[in-house]
Amino acid sequence: MGAGGRMNEDTADKNVLKRVPTKKTPFEISDLKKAIPLHCYKRDLSRSLYYLFADIAICFTWYQIASNLIPLLPKPLNYIAWPIYWFCQGSSFMGIWSIGHDLGHHAFSEYEWLDDAIGFVVHSAFLTPYFSFKYSHRSHHAHTNSMEYDEVWIPKRKTDTFYSEVLNNPLGNLFMTFVRLLLSFPMYFTFNIHGREYNGFVSHFYPQSPLFNDSERLQVWLSDAGMVAAFYGLYKIAAATSATWLFCIYGAPLLVMNAHFIFFTFLHHSHPSIAHYDSREWDWIRGALSTIDRDYGILNHVFHDVTCAHVVHHLISIIPHYHTVEATKAVKPILGDYYKYDDTPILKAFWRETKDCIYVEPDEGAEDSGVYWFRKFFALETIKMGAGGRMSEATTDKNVLKRVPTEKTPFEISDLKKAIPPHCFKRSIATSSYYLLRDIAICYTFYYLASNYIPLLPKPLGYIAWPIYWFCQGSSFMGIWSIGHDLGHNAFSEYQWLDDALGFVVHSSFLTPYFAFKYSHRSHHAHTNSMEYDEVWIPKRKADTFYSEVLNNPLGNLFMTFVRLLLSFPMYFTFNIHGREYDGFASHFYPKSPIFNDSERLQIWLSDAGMVAAFYGLYKIAAATSATWLFCIYGAPLLVMNAHFIFFTFLHHSHPSLAHYDSREWDWIRGALSTVDRDYGIFNTIFHDVTCAHVVHHLISTIPHYHTVEATKAIKPILGDYYKYDDTPILKAFWRETKECIFVEPDEGAENSGVYWFRSQSSNKAEYFSSLEVLGFVDNKMGAGGRMNEATTDKSVLKRVPTEKTPFEISDLKKAIPPHCFKRSIATSSYYLFRDIAICYTFYYLASNYIPLLPKPLNYIAWPIYWFCQGSSFMGIWSIGHDLGHNAFSEYQWLDDAIGFVVHSSFLTPYFSFKYSHRSHHAHTNSMEYDEVWIPKRKADTFYSEVLNNPLGNLFMTFVRLLLSFPMYFTFNIHGREYNGFASHFYPKSPIFNDSERLQIWLSDAGMIVAFYGLYKIAAATSASWLFCIYVAPLLVMNAHFIFFTFLHHSHLSLAHYDSREWDWIRGALSTVDRDYGIFNTIFHDVTCAHVVHHLISTIPHYHTVEATKAIKPILGDYYKYDDTPILKAFWRETKECIYVEPDEGAENSGVYWFRSHRVVIYELCSQTPAIKWLEHRKLKSVQQQSRILLLEVSIRVLCFVDDKMGAGGRMNETTTDKNVLKRVPTEKTPFEISDLKKAIPPHCFKRSISTSSYYLFRDIAICYTFYYLASNYIPLLPKPLSYIAWPIYWFCQGSSFMGIWSIGHDLGHNAFSEYQWLDDAIGFFVHSSFLTPYFSFKYSHRSHHAHTNSMEYDEVWIPKRKADTFYSEVLNNPLGNLFMTFVRLLLSFPMYFTFNIHGREYNGFVSHFYPQSPLFNNSERLQVWLSDAGMVAAFYGLYKIAAATSATWLFCIYGAPLLVMNAHFIFFTFLHHSHPSLAHYDSREWDWIRGALSTVDRDYGILNTVFHDVTCAHVVHHLISTIPHYHTVEATKAIKPILGDYYKYDNTPILKAFWRETKECIYVEPDEGAENSGVYWFRR
């Protein structure tokens, strides 16, 4: 049920609007109760309290953050932070309120008085009258969906409602949404709005209300008393702080909570498929089933499943919330079609139900059935003309996408003019002036209200009021601007000079160049929809656009929407963006622009003068007031006006049914008719009908706006199908056109027709819709902790698990597990992490502030309680850290490692050390030789059986295990595998780790040092005693928990251990046991009760392990072990019984070992009589025979695991250990062409999305800034020894981040960032200049490198030496020489290449990337080389100024050293791209472009693949098609690999090893012996 770990049924292929049956149900409520597992009815007080406490802890954490940290933020940030807090805190309030709702149903505990007491406090705290709501809500449950007797959400009948006529439109729906979410909660309780009709005054606060009977009235008084107390408390808080503070902290979140409540209760009871019944047909069970479960994602968790398990709650309301999901699953097979589940995205569903669920009526012909269904208002009986009195024809029954005819019109413009009443052509100064004056008055009124009253509002309300003002004032501005547009058409009066004078003032006031726009706009009217000559909104042809490839996706559409609405208005006037292409610079501010003719240029100067005057006036206003005030009063509304203009002009000229014409077919009248009228509701009036009567305006532009609607009506009968009107809700239409109207093409087979139609990239639709699927997160509860609780009391939990090879493969198990169980959601994982942190913080706050206030006898009790609770909470967070080590937190290994490193270091656990040893444990579970931990002793190696298997010894071992095993294991490998040499998790050279892991062990140690240092500083600032009480004692409890449950996971008399003769991975993994820890299952995130599946598939996140366990249990059969023995009893039993392991008697060579205890030994010693021997033999034999009969005797191989990913950075990782990576690439001409490769690559890989590219650029900049901020603010605070470590870490991390940005700059040089070369060059120039790289110089030389890759004569860089030309082979091919060359390359090659062309191609004359006359460049490139140099000068000057303001040392540490690291990275991977013993170089006799491009190599750089944007691991495809953006290169590589075959080289040799090898081996090139004239050269050493 959604992202919160609930049921997620795929209803995308079903009709979610299919009606629920209305016949009497074939089942009774008793049938449903029998189907539900018995434990679902258990109301566990401890578990209920846990959820209540967890929610209170989360609320308290939000409060602490908001009250202490948000006020410290600068204003722009706290304007964002407060609404985020309100939503998060309001959602948390709703979680607690939902528990209060359970309390009212007596679903919290077995004690009604306790439930009522807690519920009274909980609901009163949220201004809800507990008992009043309890009684009315129970009545709702008793009469659900009864038209006469239901208590709330009773739908209106058509005769009783005005919704259908008035509110079923976008504006009405928005209004109803606002009313419902803001007011319904208090209005329901106060005036019974949305409630059942009664005789008399009805209110939840009025004890004599007919809502209640006599036995309930006293408790209603008590509810009122609780409300009075709550209000009094709030009054006192407001008096002590302020009303504003109280609103921000409590009031606004309470409004959010109210909105949540109305939102989901409305959706529970409103759906087109759900029936309502009157008294003739209603019965209780059908009424209860006429509700719906929905998927709210992560909010399912937050609201305790009241959202996604509402049906079962209506059927059996006493089931506690933590069992409702399981109960729902249990009753679904019985309910069948009577159960309704809708996984429509929740906001979409809310909008649909708001529009469609207006009133109820019986079906036609079934008026007396007693069954009612929701209806919406489909058609108007009369033709209405919009909310502004405009035309609003119902076209819902027509295809609004039906194409307009493209044949020549059967009418002339004169026919249309004759049809229009003559008075429509009259331009009345009086009428026109009235509208102008009216709009000015409205604008002034808004201004007066905003400037005088908004500043008086408290801040939270001011944050709401200003945007409302901006929108309203911006809309009013648009109204005046529209009149200015009429003035430009001479449609205001009969006097052109008057119209121009007024228009000049009006448009200049809104920063619009009046005459410039007037002339370009008239040209637009003269050439509307001409592909060659239209002036604006000229659609692109497919060949000219990147929209179809890049931006036709949700993110791209949103980006384009933002760009259009914010920037298009000024960019059109300034740079003619969206305008017709001209030769020369085109701008509305440039009098010499080709837009204008000579007779118009003088007036363009006048327009510019008006703009200058307007800007000067604004400057003076800003000087007299402030820039902020000017922005709020004028600037922001102006931006809204601009957005309105772009919005409706885009919609006027973009529609799938409208044609565009080229010069072969275009004529004026058809062009003018290729526009569309739309219904904007009230905005039709505000914008003076320019929106809904645009067609007639294009036909006869001198008709004044107040006659255009009448004129439209007059000509519509003549226009017929040539007239297009679309009443699609306007936002929906905008979204549709944004997606669909991307480029134009002629129809297939009509390429020469001259008629073009809008197209979208339909080939991507399947992928697009797939990306909108809702991810499911299913948390199937299993027992006391919400986990599996199988009754095993009737079985022997000690029955042995089979040891034969399993009859199933791991692949069979993976298939059985629902696919969503493998999904790792950052949101859900973060929710659990944050929840646990909030709980820990709450415990800390309570302990540090309140326990010291207790008298001594009580605090002796309180401290141990705190230690246990806090230590258990620590264990919850630690368990998430364990998931992080398995990459089960998110899809991103680097993110998991970063968070896991912090989490585990905080609990004194070496993260990477444990990660690697623990993965080895998973790889060798229960192997006697290779398992990493909990390896049992053999009898010959242990003294336990003789010494410690007694009560005193068991107690001693328990104490030792729980107190010391955790630190002893990490420090001295106690309980770990035996190694040769010292083994410790803190020793990087330990044999536990391999060479590739040792660096990260150092990092783990550094984390531990930082943690200990932090604890030392805390102890110094407080005291060691305080630190022990607050942190250390809970940490010891956490350690004990860890040892406790890991011991129990791997110690059980029924589980086998195997030596190398018998062990295989799957049986080893199955030799673990799931147990029931009650409430601790939840606290420890099911690591306790779903451990078996975790060993089988460790990447399943914890919130799916229970469901996965259930899914595989039928397959596992007897191989699955679950023991629900009470956990302390089980621990005591295993401590006594699981002492050592031995093979069974007679099976000493089987390789299978079982736990033995001292009791078994004593029994064997005493069982010496023939009778006892005989009996025991018979018993054992019988057990063996029975077990063999029960088992499937099938032997299968263990499945090999292959990770398809492509390295640690999510990149290609092919297993090449069994291949010779040095096998030469073929040198014959390729059997394929570049066109074959392009065809094989998915089309979307060629798309260059500005939004996606910008995201990566911005992300990298953000990462760099974060590193800079941390380094500049915190490293100087470290003591010297630590800072000596910290600075190099920063240099490497920041230098790597620099390299990421530089790589994007490299893409910019290839025009692989966007479709716009000028934009790529502008951004690339700034990016590369920032890293002291001459952008244009490098761009041109690098393109030459791509054009001549691996050509011995013409390649631009990394040209290998021939033996005759090098001294490397004689001098430097030795360890010392190789080290020297490594140092030289990494430190100096980058600047030396750009300055002196070192490693570059030989030219005649001085060659440098900084010298414009260098032979590197041709004449057309030299000017831009000067520009590169200017960028370098500016960069150096900026660095000089920074050094002067700070110091050279600081600049070196912050920027210089990371830059050197970046340079080293660049040289490192470019050297490795072009240096490999298997790659050929060619001279001019043999070289061709495609073989040269293929003589490069892809390598695996792990996480750096991601950091460097795959330039490392997808370099081959980059050389073949360099315009593919980096985020598609991996996919493109995969696509062409089958075609490339042996021509493709991939080497996953560890990268440092590969670098060392190539440094030694790739010294010079020579042809093979006997092939000196072949033209093919190979590296030699």
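Glycine is treated like the rest: Cβ placed from N, Cα and C.
Sequence annotations record features per position, and here TrEMBL assigns domain 'Fatty acid desaturase' to 81-340 (among others).
According to TrEMBL, the domain 'Fatty acid desaturase' annotation covers 465-724 (among others).
Feature annotation from TrEMBL assigns domain 'Fatty acid desaturase' to 862-1121 (among others). Averaged over the domain 'Fatty acid desaturase' (862-1121), the predicted model has a pLDDT of 89.
The domain 'Fatty acid desaturase' feature in TrEMBL is assigned to 1286-1546 (among others).
Sequence annotations record features per position, and here TrEMBL assigns transmembrane segment to 79-99 (among others). Within its own chain, the transmembrane segment (79-99) has Cβ neighbours under 8 Å at 48, 51-52, 55-56, 58-59, 62-63, 65-66, 70, 73, 108, 122-123, 125-126, 128, 248, 252-257, 259-261, 299, 302-304, 306, 321, 460, 463, counting only residues six or more beyond its boundaries.
If one looks beyond the transmembrane segment (171-191) by at least 6 residues along the same chain, the residues whose Cβ comes under 8 Å of a Cβ in the stretch are 128-129, 132-133, 152, 163, 202-205, 255, 258-259, 261-263, 266, 350-351, 354-355, 387, 681-682. According to TrEMBL, the feature transmembrane segment maps to 171-191 (among others).
Summarising the annotation, TrEMBL assigns transmembrane segment to 244-267 (among others).
Here TrEMBL flags 435-454 (among others) as transmembrane segment.
Residues 432, 435-436, 439-440, 442-443, 446-447, 449-450, 454, 492, 502-503, 506-507, 509-510, 512, 514, 521, 632, 636-641, 643-645, 683, 686-688, 690, 705 of the same chain, all 6+ positions outside the transmembrane segment (466-485), place their C-beta atoms under 8 angstroms from a C-beta of that stretch. What TrEMBL records for 466-485 (among others) is transmembrane segment.
Long-range contacts of the transmembrane segment (555-575) within the same chain: residues 512-513, 516-517, 536, 547, 586-589, 639, 642-643, 645-647, 650, 734-735, 738-739, 1249-1252, 1254, each at least 6 residues beyond the stretch ends and with a Cβ under 8 Å from a Cβ of the stretch. For 555-575 (among others), the entry in TrEMBL reads transmembrane segment.
Taken from TrEMBL, the feature transmembrane segment applies to 602-622 (among others).
Sequence annotations record features per position, and here TrEMBL assigns transmembrane segment to 628-651 (among others).
Among the features that TrEMBL reports, transmembrane segment is placed at 832-851 (among others).
Sequence annotations record features per position, and here TrEMBL assigns transmembrane segment to 952-972 (among others). Sequence-distant contacts of the transmembrane segment (952-972) (same chain, six or more residues past either end, CB-CB distance under 8 Å): 908-910, 913-914, 933, 944, 983-986, 1036, 1039-1040, 1042-1044, 1047, 1131-1132, 1135-1136.
According to TrEMBL, the transmembrane segment annotation covers 999-1019 (among others).
Among the features that TrEMBL reports, transmembrane segment is placed at 1025-1048 (among others).
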Checklist entry - Any residues 6+ beyond the ends of the transmembrane segment (435-454) with a Cβ under 8 Å from its own? => result 462, 465-466, 469, 472-473, 476-477, 479-480, 483, 502, 506, 632-633, 688, 705-706
Next on the checklist: Six or more residues beyond either end and a Cβ under 8 Å away: which residues meet both conditions relative to the transmembrane segment (602-622)?
Outcome noted: 504-505, 507-509, 511, 513-517, 519, 588-591, 593, 596, 629-630, 634
